[in-house]
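K.L.:
Straight from TrEMBL, here's the annotation block:
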type	residues	note
DOMAIN	28-479	domain 'Major facilitator superfamily (MFS) profile'
TRANSMEM	21-41	transmembrane segment
TRANSMEM	82-101	transmembrane segment
TRANSMEM	113-132	transmembrane segment
TRANSMEM	138-159	transmembrane segment
TRANSMEM	171-193	transmembrane segment
TRANSMEM	199-222	transmembrane segment
TRANSMEM	285-310	transmembrane segment
TRANSMEM	322-340	transmembrane segment
TRANSMEM	352-372	transmembrane segment
TRANSMEM	387-407	transmembrane segment
TRANSMEM	428-448	transmembrane segment
TRANSMEM	454-475	transmembrane segment
Amino acid sequence: MAGGGFAAAGGGSARDYGGGITFSVVVTSLMAASCGLIFGYDSGVTGGVTQMESFLSKFFPEVLRGMKSARRDAYCKYDNQWLTAFSSSLFIAGTLSSLVASRVARAVGRQAIMLLGGAMFLTGSIINAAAVNIAMLIIGRMLLGFGLGFTLQSAPVYLSETAPARWRGAFTSAYNAFVVIGILSATITNYFTNRIPGWGWRVSLGLAAVPGTIIVAGSLFIPDTPSSLVLRGHHDRARAALQRIRGAGADVDAELKDIVRAVDEARQNEAGAFRRLFSRRYRHCLAVGLGIPVFYEFTGMIVISIFSPVLFRTVGFNSQKAILGSVINSMTNLASTLLSTSVMDRTGRRPLFIVGGVGMMLCEVAISWIMADHLGKHQGVTMPRSYATGVLVLICLCTFSFGLSWAPLRWVVPSEIYPVEVRSAGQALSISVALCLSFVELQVFIALLCAMKYGVFLFYAGWLLTMTIFVAAFLPETKGMPIEAMRSVWERHWYWKRFVNDGDHHDGRVVADEGTD
């Protein structure tokens with residue numbers, strides 16, 4: 001098993017290489033984490049634009065006419081497949097590009113993948129801002145999706161491979177902090193551009209070029225990760241990069257030796273990484289690495305994040321107040337994300353997952369109850385203002401629970417659990433499955449809201465109960481463990497230990513000397 005040199009023979013403890021948080025590792029990690037800006041900005045801007053009357057009158061006039069119809073079902077105001085295709089098409093493109101990116105990353109490195117992703121996102125934003133028909137919108141969205149898939153595949157792994165083990169949770173969760181900053185920036189932009197008649201939506205979509213430019217410029221000034229450099233045969237550059245990010249007091253030679261050992265084994269097993277992911281030897285990594293992004297999609301928060309202005313319009317707010325509600329929700333998300341980043345490496349991953357899951361579940365049940373009792377009743381198409389405000393508060397509380405737990409941890413855990421020989425493939429599979437589910441979910445959510453009405457939130461609450469039980473039973477605690485030492489974490493887990501040991505014997509090798517240097 002790659003990285004076994006970290007596991008002590010007796011207790012499975014991990015080596016501390018020394019060193020601290022250096023200026024270089026902070027700057028490098030912040031540049032990589034800023035890839036989250038493009039995901040966040042797009043998520044935040046899309047929901048606001050899709051309810052702007054200037055945008056709807058240009059591309060979807062039938063939706064605008066339906067909104068103004070007194071006989072229109074309150075839950076069905078935005079039920080239009082072309083409108084949802086505008087939101088969801090990005091994710092199907094991201095699914096395809098993330099799979100391609102995993103193979104390209106092995107040849108050119110993670111830094112180059114981030115650069116390519118930023119360039120494609122920048123191009124897509126320009127096409128969207130200049131769109132004159134739906135075809136241009138979709139083409140622009142597809143380019144945005146290609147850029148998103150590349151950066152999603154590379155940035156979290158870049159962070160996990162670069163960050164010191166002791167603070168890896170905080171460093172990797174910085175990606176999600178930038179996602180939230182992007183969402184907040186987009187919702188504030190929408191708040192002001194919504195007042196511009198006719199072409200305000202072009203400003204909102206066009207300003208996506210700003211985070212795209214930041215990614216392109218930033219990627220030019222950061223080095224590749226030591227693991228990626230060793231994987232491509234650049235040992236001297238890898239040592240120099242490691243010395244720069246770890247500082248003078250770190251045992252760089254020991255860490256590089258363990259990285260080289262892990263990469264050498266990765267080369268021996270280089271062929272068929274995707275196929276081997278499904279073998280018994282990696283079943284524990286695959287179950288958790290896929291379980292977390294799948295469950296993440298069924299928290300319901302991706303649709304709340306993107307469609308929050310639509311939800312606020314649905315319960316009775318006007319366009320400007322709906323976007324203001326999204327700004328408040330985004331600020332709540334940022335506050336909870338920063339709190340999570342500061343406590344994650346002290347409390348651990350599992351407690352945050354469990355607390356956040358229970359909090360979201362209770363909030364979504366309450367939202368469903370209020371909407372069942374007060375939306376569309378008494379010949380009205382909206383609900384009383386006090387109850388609409390209650391929905392806003394509950395969505396903010398739900399977002400706070402999400403930002404504290406699943407939002408940052410969804411990027412942290414899958415990026416740190418795979419051994420190096422299947423890390424790119426595992427990350428690519430995790431990202432592609434998540435983006436594919438996002439595509440399906442965004443494409444059907446408005447139709448589900450129309451068909452299931454308030455029951456759609458009970459649907460998500462049921463999934464939250466299931467995923468909280470899964471985390472409590474099957475997720476090992478990974479805080480503070482060097483990324484190449486994850487074997488010892490799995491060996492101590494009550495269920496997954498059977499797959500780790502049996503997998504080694506099944507491969508015809510008994511890893512007996514991994515506790516020694």
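Using N, Cα and C of the backbone, Cβ positions are placed for all residues, glycine too.
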K.L.:
Take the transmembrane segment (199-222) and find every residue of the same chain, 6 or more past its ends, with a Cβ under 8 Å from one of its Cβ atoms.
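P.N.:
Same-chain contacts beyond the flanks: 27-28, 31-32, 34-35, 37-38, 40-42, 45, 48-49, 52, 54-55, 58, 111-112, 114-115, 117-119, 121-122, 124-126, 128-131, 140, 144, 147, 151, 182, 185-186, 189-190, 193.
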K.L.:
Please report, as numbers and ranges, the same-chain residues at least 6 past the borders of the transmembrane segment (138-159) whose CB is under 8 Å from any CB of it.
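P.N.:
Answer is 29, 32-33, 35-36, 38-39, 42, 85-86, 89-102, 105, 110-111, 113-114, 116-128, 131, 168, 171-172, 174-175, 205, 208, 212, 215, 225, 411-412, 414-415, 423-424, 427-428, 431-432, 435.
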K.L.:
Looking only at residues six or more beyond either end of the transmembrane segment (454-475), which have a C-beta under 8 A from one in the stretch?
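P.N.:
Distant Cβ neighbours of the transmembrane segment (454-475) are 287-288, 291-292, 295, 298-300, 349-350, 353-354, 357-358, 360-361, 364-365, 367-369, 371-372, 375, 413, 445, 448, 495-496.
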K.L.:
When only pairs 6 or more apart in sequence are counted, do the transmembrane segment (21-41) and the transmembrane segment (428-448) reach 3 or more Cβ pairs under 8 Å?
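P.N.:
Per Cβ check, the transmembrane segment (21-41) does not touch the transmembrane segment (428-448).
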K.L.:
Any residues 6+ beyond the ends of the transmembrane segment (322-340) with a Cβ under 8 Å from its own?
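P.N.:
Contacts with the transmembrane segment (322-340): 44, 47-48, 51, 173, 176-177, 180-181, 183-184, 187-188, 190-191, 194, 305, 308-310, 312-313, 352, 392, 395-396, 399-405, 407-409.
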K.L.:
Out of 82-101, 113-132, 171-193, 428-448, which stretch has the largest tally of CB pairs under 8 angstroms to the transmembrane segment (285-310)?
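P.N.:
The stretch with the most contacts is 428-448.
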K.L.:
If we skip the immediate neighbours and take only residues 6+ beyond the ends of the transmembrane segment (82-101), which ones have a Cβ under 8 Å from one of its Cβ atoms?
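P.N.:
Those are 42, 46-47, 50, 59-60, 63, 113, 117, 134, 137-138, 141-150, 152-154, 306-307, 428-429, 431-432, 435-436, 438-447, in sequence order.
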K.L.:
Would you kindly list the residues that approach the transmembrane segment (352-372) from elsewhere in its chain, counting only those six or more residues past its ends and only Cβ-Cβ distances under 8 Å?
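P.N.:
For the transmembrane segment (352-372), the nonlocal Cβ contacts are 299-301, 315, 340, 343-344, 383, 387, 390-391, 394-395, 397-398, 400-402, 404-406, 409, 453-458, 460-461, 464-465, 467-468, 471-472, 475.
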K.L.:
Residues of the same chain, at least six outside the transmembrane segment (387-407), with any C-beta under 8 angstroms of its C-beta?
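P.N.:
Contacts with the transmembrane segment (387-407): 176, 179-180, 295-296, 299, 301, 304-305, 308, 311-312, 315-317, 325, 328-329, 332-337, 339-340, 352-360, 363-364, 366-367, 370-371, 373-374.
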K.L.:
If we skip the immediate neighbours and take only residues 6+ beyond the ends of the transmembrane segment (113-132), which ones have a Cβ under 8 Å from one of its Cβ atoms?
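P.N.:
Those are 32, 35, 38, 97, 101, 104-105, 139-151, 153-155, 158, 202-203, 205-209, 211-216, 218-220, in sequence order.
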